[in-house]
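Residues or ranges marked as topological domain 'Cytoplasmic' by Swiss-Prot: 1-7, 148-173, 236-246, 332-338, 389-395, 472-483. The transmembrane segment annotation in Swiss-Prot covers 8-28, 127-147, 174-194, 215-235, 247-267, 311-331, 339-359, 368-388, 396-416, 451-471, 484-504. Residues annotated as topological domain 'Lumenal' in Swiss-Prot: 29-126, 195-214, 268-310, 360-367, 417-450, 505-518. If you look up Swiss-Prot, you'll see N70 marked as N-linked glycosylation site.
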Amino acid sequence: MKSLNNKVGFSSLNISIVLLILMISLLARYLVSLNGYSGQSKPPMFGDYEAQRHWMEITTNLDIHQWYFNSTDNDLMYWGLDYPPLTAYLSWVFGKIGEFIEPKSMELFTSRGYETDSGKLFMRMTVIVSDLFIWLPSVWFFVKTFYKQRNISQQISAFLFISLQPGLLLIDHGHFQYNGVSLGLGLFAITFIIRDQQLLASFFFVLSLNYKQMCLYYSPAFFFYLLLSNFEFTLKFSKIFSSIFKILKIGIVVIFTFILCWIPFLSIEQASQVLFRLFPFARGLYEDKVANFWCFISIIINVKNLFTTDQLIKICLILTLVTMLPLVYGIKRIPKNKFVFIHSLINSSFSFFLFSFQVHEKTILLVSLPISLLILHHPNMVWWFILISTFSMFPLLFKDGLVIPYFAIMILYIVIGYQFKNSITRSNNQFKHQNSQENLLASSDKSFYSIYLNYWFYLNIIGMVVCHLLYQFAPHPPHLPSLWLLLVCNFSFIHFILTFFYFIKEMTTFSPIKIKSN
């Protein structure tokens, strides 16, 4: 136990610092949770808060084989379960606890739209507890692994920056979701990759996929990294056999973990129904307006009218796969490199968000995670991207009545984060002289895009303020009801696409710096 504590860094921290970090993290979540949420007091469908509560109701009251099927007891048109089995299992656990604490909150049918103060407190606490046991430990584990050569103050700064991302706070503890669970499981997988513990990485990544299918955004990066880092292109039989054996072990772990998660749903009937619920292509190219490529070009070309749904699915698939080719090149060029791997996650998740079929505005959180992990290497870029990604979700947060916490968090983030990133930049100037392995990354923020951010920062802040004012107060032209919404989305998209190309350039021009195995 002592050696394990030393590895993850707990022994180097004073207990008071640990408690202070936890207090700050939990207090921020609690304060956000005091505000509105998705669909509050808006019958008959309410919103995501009711969806999560309803899943607890369904899993608590119905047999497990009825969870994903339409029936008189389970109307799939009313927030039918459409997440993978681990979400259902966690809903069952929370549902049983909720049933014990407040039975009426989980009664079948009669609990629809249940919004008592005690019920809301319980629901909010389930998200906070999930963060406490999954998201926050995963961030700390990553920081102590990836930034092990940094001093403790830099590690704490990185932990707070990653764990207190405004977008994730507002969506999970305001709007109401459990993204911290899927992202936390995914981050454990990322950290185990960095530690060269690939079997554990595979196990945790499959868990993240089985909690939320959107973690597929990371799957190409994991697949090609694991494949290309283990397979040696050689004519020696012994090395070929060794490569195949390594890949086979990973495959066994992946299959075993999937089977473990899907045990109740392994019949053809059950599995096909669950998959049908997980991938609802009938919903269309995107829901509402989202800051991606398809929404951007819709102001010029209405692709929904030009192509059928099947054609759009194929076009999206081709474009998404083509824009992922840089990650294959990057990993093949420098295999087993921690920086290339994180950049490949950025490439993969960005390609899905910008070009794939059926994208939600909240899925930008999947892009924000790998980008935020590079905070001590790209402080300017990371700080600005997290700001823009949160801004891109403003229309959704406005609809949820989260304007006050949104502006409070954004202002704090701009003021404190601006000073914070400058402090990191100064620390990097000292650190790069001490560690030749990370010299390139520590100084890589001195790029064209960094200069762009520094000189155009105030102009873009003004642009964001104008977008906010127009969206909230200016009447839209009668024939253009989505004008201000499109303005917010397209303003965000321009920054997203620039960031996308920036990190592709970084990944494909790295010097061959090899990561040392822990």
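Note: Cβ is positioned from N, Cα and C throughout, glycine not excepted.
Annotation: stretch 174-194 has the most Cβ pairs under 8 Å to the transmembrane segment (396-416), among 174-194, 451-471, 484-504. Taking Cβ pairs closer than 8 Å, the transmembrane segment (339-359) reaches residues 190, 193-194, 216-221, 224-225, 280-281, 283-287, 290, 292-294, 312-313, 316-317, 319-321, 323-324, 326-327, 330-331, 333, 366-367, 369-371, 373-374, 377, 441, 493, 496-497, 499-500, 503-504, 506-507, 510, 513, 515 in its own chain, all 6 or more past its ends.
Residues 198, 230 of the same chain lie 6+ residues outside the topological domain 'Cytoplasmic' (236-246) yet bring a C-beta within less than 8 angstroms of a C-beta in it. In terms of C-beta pairs under 8 Å, the stretch of 174-194, 247-267, 311-331, 484-504 lying closest in packing to the transmembrane segment (368-388) is 484-504.
Beyond the topological domain 'Cytoplasmic' (472-483), the same-chain residues lying 6 or more positions past its ends with a Cβ under 8 Å from any Cβ of the stretch are 289, 398, 403.
Within the chain carrying the topological domain 'Lumenal' (360-367), a Cβ under 8 angstroms from the stretch's Cβ atoms is held by residues 165, 167-168, 171, 175, 177, 179, 183, 214-215, 217-218, 286-291, 346, 349-350, 352-353, 389, 392-393, 395-396, 496, all 6 or more beyond its ends. Through the fold, the topological domain 'Lumenal' (268-310) approaches residues 65, 68-69, 76, 80-85, 213, 262, 316, 319, 353-355, 357-361, 364, 392, 395-396, 482, 485-486, 488-490, 492-493, 496-497 of its own chain, all at least 6 residues removed from its boundaries and within a Cβ separation under 8 Å.
Remote same-chain partners of the topological domain 'Lumenal' (195-214), defined as residues 6 or more beyond its termini with a Cβ less than 8 Å from a stretch Cβ, comprise 83-87, 90, 145, 179, 181-183, 185-186, 188-189, 222, 226, 229-230, 246, 249-250, 253-254, 257-258, 261-262, 278-279, 336, 363, 366, 515, 517-518. Outside the topological domain 'Cytoplasmic' (148-173), and at least 6 residues removed from its termini, the chain residues within Cβ reach (under 8 Å) are 9, 12-13, 17, 21, 24-25, 28-30, 32-33, 124, 127-128, 131, 135-136, 139-140, 142, 179-180, 183, 362, 364-365, 368, 372-373, 375-376, 382, 386-387, 389-390, 393, 397, 402, 405-406, 409-410, 413, 417, 420, 423-424, 427, 431, 435, 438.
Under DSSP, N70 (N-linked glycosylation site) is assigned to coil, being neither helix nor strand in the three-state scheme.
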